[in-house]
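Student: A single structure is presented below for examination.
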Amino acid sequence: MANNISPVLLFASIIAAAQPLVFAAVGEMITEKSGVLNLGVEGMMIIGAIAGFATAVTTGSPLLGVLAAAIAGAALALVFGFLTQVLLANQVATGLALTMFGLGLAALIGQPFSGVKPPPFPKLDLAVISDLPVVGPLLFNHNLMVYFGLVLVALIWAFLTFTRTGLTLRAVGEDHDAAHALGYNVILIRLTAIAVGGAMAGMGGAYLSLVRVPQWTEGMTAGSGWIALAIVVFGTWRTWRVMLGAYLFGGVTILQLNMQIADITPLWLVVLALFLAAVSVTVRSFRSSAPASPWMIGLWFTTLLAGSIAIRHPVSIPTEYLNMAPYIATILVLVAMSADKLRANINAPASLGRVFHRTG
Amino acid sequence: MLTLEPRTAGPLRQVLTPVLAIVATMIAGGILFMLLGKNPVEAIKIIFVDPLFDAYSRSELLVKAAPLALIATGLSFGYRANVWNIGAEGQFILGAICGGAVGLAFYGIDGWFVLPLMAVAGMLGGFAWAMIPAFLRTRFNANEILVSLMLVYVATLLLSALVSGPLRDPDGFNFPESRQFHDSATLPILLQGTRVHIGIVIALLVSLVGWLVLQRHVFGFQIKLMGAAPRAAHFAGVSTNRMVYLCLGISGALAGLAGMFEAAGPVGQLVPSLPAGYGFTAIIVAFLGRLHPAGIILASLVLALTIIGGETAQYLLQVPKAAISVFQGMLLFFLLAFEIFTRFRLRRSGAGATA
């Protein structure tokens with residue numbers, strides 16, 4: 001296994017690893033498009049994970065499990081919706097409460113289910129095509145949830161881009177007062193968007209407990225819900241970019257796991273990142289024909305330094321540091337995406353997080 | 001038809017809201033336990049009442065409330081100014097790591113200076129960890145909620161890496177934990193036979209100072225202004241960036257101090273299980289205390305009650321540890337829900353309304 005990672009299998013496993021994030025992030029994007037910031041994704045995911053798991057184990061049907069997860073996620077989301085839309089509660093605080101409540105409730109419900117094996121999830125089985133080299137494992141050998149997720153993302157994209165209702169949803173997110181004045185029911189539209197976001201987060205959770213891991217452990221979401229929130233920012237509230245962002249993060253996780261198995265010094269990744277940054281800075285400075293900046297020289301110097309350290313000391317790094325990768329990557333991505341205010345805000349719903357209070 | 005009219009709440013409603021929220025949580029929690037096949041009355045009694053009638057539990061109440069009050073006081077500054085530090089848990093862990101590392105560096109050396117040095121290191125650790133989201137928000141406009149929260153996961157992993165690496169007990173049979181702190185690196189006990197330590201006094205002092213700053217100092221005024229009317233604050237010359245640094249810095253330093261107290265007090269060493277969720281619970285404490293220092297002291301006692309009661313319920317009723325966070329989440333839900341009665345007045349209006 002060491003030093004022998006098949007790229008095809010790697011990509012297949014990235015798709016599998018990223019799927020919960022695709023569900024949760026695209027769901028949250030819909031909610032945010034309607035102008036609501038729901039920080040409770042983590043809570044809705046874990047509730048989906050246990051609801052899906054418990055239902056699948058007791059009924060023996062994983063598909064019923066996914067359905068139950070969607071319902072549970074939506075139900076929890078509607079608690080958030082009721083508080084923030086009807087009772088006008090603070091969205092940040094309510095989202096946090098949702099996460100804490102969800103984590104606790106999932107642990108309570110899940111207590112009898114730890115150590116239980118769920119029924120296997122049905123895979124797409126196309127006999128011949130699945131066995132094709134490269135294309136087979138990459139495209140035709142996933143479980144049904146991956147394809148369902150893809151179809152769902154396409155539908156959501158089409159809904160937001162082409163339909164009148166999608167336009168209304170976005171209008172509510174841009175300016176709830178104007179939408180209200182035009183006669184749209186802002187609260188109802190937002191509640192629907194919140195419920196859809198919750199259902200998708202729930203399905204993402206069910207994917208975790210039924211397909212990805214398949215087992216139930218307390219706190220098994222381990223921050224994916226929060227990462228999903230960051231992915232929405234990364235994807236600048238655009239459906240396909242959000243999905244791409246989810247795959248990127250799935251990639252980070254898988255790469256990190258593979259590095260642990262293959263014993264590659266992660267310092268090489270740092271060297272690579274520094275090298276790419278140095279190249280891009282240099283290319284940019286050539287284009288603008290500006291004099292070499294201290295930044296550029298510093299970057300090249302650090303690249304060389306890190307490279308020589310990596311050659312001289314092939315240290316293996318404790319797994320804890322490697323496990324930090326997805327979280328640090330999230331921070332870096334947030335920084336990179338938010339730094340350019342214009343680009344970051346161009347698609348951000350203008351009413352995001354603002355309380356709508358209907359007067360008169 | 002019913003409409004909501006904004007109003008300013010009197011002091012009575014400000015106090016009544018948290019009380020109502022606690023009662024509602026007890027009722028809803030009872031129903032939840034009933035659904036899970038446990039005796040609801042017994043469960044509520046174990047969690048909310050029994051700890052009050054046991055001397056050891058009462059002292060433990062103070063032990064658990066002190067870090068909550070410390071962290072929540074710091075957080076309340078930021079929350080008033082709309083600076084959302086959600087990562088106090090991470091700052092708490094860094095405080096424990098830095099304070100603990102200093103204690104271990106002076107291992108076996110007796111001296112009055114060890115504890116103060118540890119406290120300073122703990123505060124600096126928490127402060128530094130909080131400066132990351134502050135810097136990234138002011139310089140790069142990155143959301144401080146997500147950044148500070150991601151840093152919690154990083155801090156947790158850092159702690160477990162350090163206690164199984166550089167800070168591991170050399171005589172500890174490879175267990176991932178540090179040495180036990182020696183006597184002059186351990187917090188003095190205030191009440192013999194309990195774990196009540198000096199940190200409780202400091203928590204009280206901090207909330208007193210917090211109250212003075214909020215009520216009497218221009219910084220407190222600027223915080224309130226920025227939370228209530230950001231544009232007005234801007235025109236009045238309040239620098240948003242400065243406020244972000246200050247709010248995150250204060251809450252980070254206090255969370256770090258709480259972490260150092262926890263390591264040098266009740267726990268007595270660095271272990272991977274040190275982060276017990278105080279940083280997250282303190283968020284609820286801050287809200288339950290209505291972002292007011294005196295309220296926060298009371299709220300920290302209430303939340304400490306749920307922690308201790310939850311621990312008892314864990315082995316008496318066979319519920320998982322996380323069951324406490326169900327109660328804590330519900331408490332925050334009800335609090336936010338009932339807040340509507342302090343902020344708005346229900347009014348009949350439209351057709352058929354009497355003027």
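Yeah, the Cβs are placed from backbone N, Cα and C, and that goes for glycine too.
Dumping what TrEMBL says about this protein:
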type	residues	note
TRANSMEM	B:15-36	transmembrane segment
TRANSMEM	B:91-109	transmembrane segment
TRANSMEM	B:115-136	transmembrane segment
TRANSMEM	B:145-167	transmembrane segment
TRANSMEM	B:196-214	transmembrane segment
TRANSMEM	B:243-264	transmembrane segment
TRANSMEM	B:270-289	transmembrane segment
TRANSMEM	B:296-316	transmembrane segment
TRANSMEM	B:322-341	transmembrane segment
Student: Sequence-remote contacts (6 or more beyond its ends) of the transmembrane segment (B:322-341), Cβ cut-off under 8 Å?
Tutor: 4, 13, 17-18, 20-22, 24-25, 28-29, 32, 47, 277, 280-281, 283-284, 287-288, 303, 306-307, 310-311, 313-314
Student: Between the stretches B:145-167, B:196-214, B:296-316, which wins on the count of C-beta pairs under 8 angstroms to the transmembrane segment (B:91-109)?
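Tutor: Checked against B:145-167, B:196-214, B:296-316; highest Cβ contact count belongs to B:145-167.
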Student: Where among B:15-36, B:145-167, B:196-214, B:243-264 do we find the most Cβ pairs under 8 Å to the transmembrane segment (B:115-136)?
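Tutor: The stretch with the most close Cβ contacts to the transmembrane segment (B:115-136) is B:243-264.
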Student: Pairs 6 or more apart in sequence, C-beta under 8 angstroms, 3 or more of them: is that satisfied by the transmembrane segment (B:196-214) and the transmembrane segment (B:145-167)?
Tutor: no
Student: Quick test of the contact rule: Cβ under 8 Å, at least six residues beyond the ends. What residues does that give for the transmembrane segment (B:270-289)?
Tutor: 18, 21, 67-69, 71-73, 75-76, 79, 86-93, 96-97, 100, 104, 152, 155-156, 159-160, 162-164, 167, 176-178, 255, 258-259, 262-263, 295-300, 302-303, 307, 325, 328, 331-332, 335-336
Student: Give the nonlocal contacts of the transmembrane segment (B:145-167) in its own chain as ranges (CB under 8 Å, at least six residues past its ends).
Tutor: 84-91, 93-94, 96-97, 100-101, 104, 129-130, 132-133, 136-137, 176-178, 248, 270-272, 274-275, 279
Student: Under 8 Å between C-beta atoms and at least six residues away from its ends: which parts of the chain pack against the transmembrane segment (B:15-36)?
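Tutor: Tertiary neighbours of the transmembrane segment (B:15-36) are 43-44, 47-48, 288-290, 295, 299, 302, 317, 319, 326-327, 330-331, 334-335, 337-339, 341-342.
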Student: How about long-range neighbours of the transmembrane segment (B:243-264): same chain, 6 or more residues beyond its ends, C-beta under 8 Å?
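Tutor: Long-range Cβ neighbours of the transmembrane segment (B:243-264): 66-67, 70-71, 73-75, 77-78, 81, 83, 85, 88-89, 91-100, 103, 115, 118-119, 121-131, 133-134, 137-138, 144, 148, 181, 185-187, 197, 199, 202, 206, 219, 222-223, 226, 270, 274, 276, 278-279, 282.
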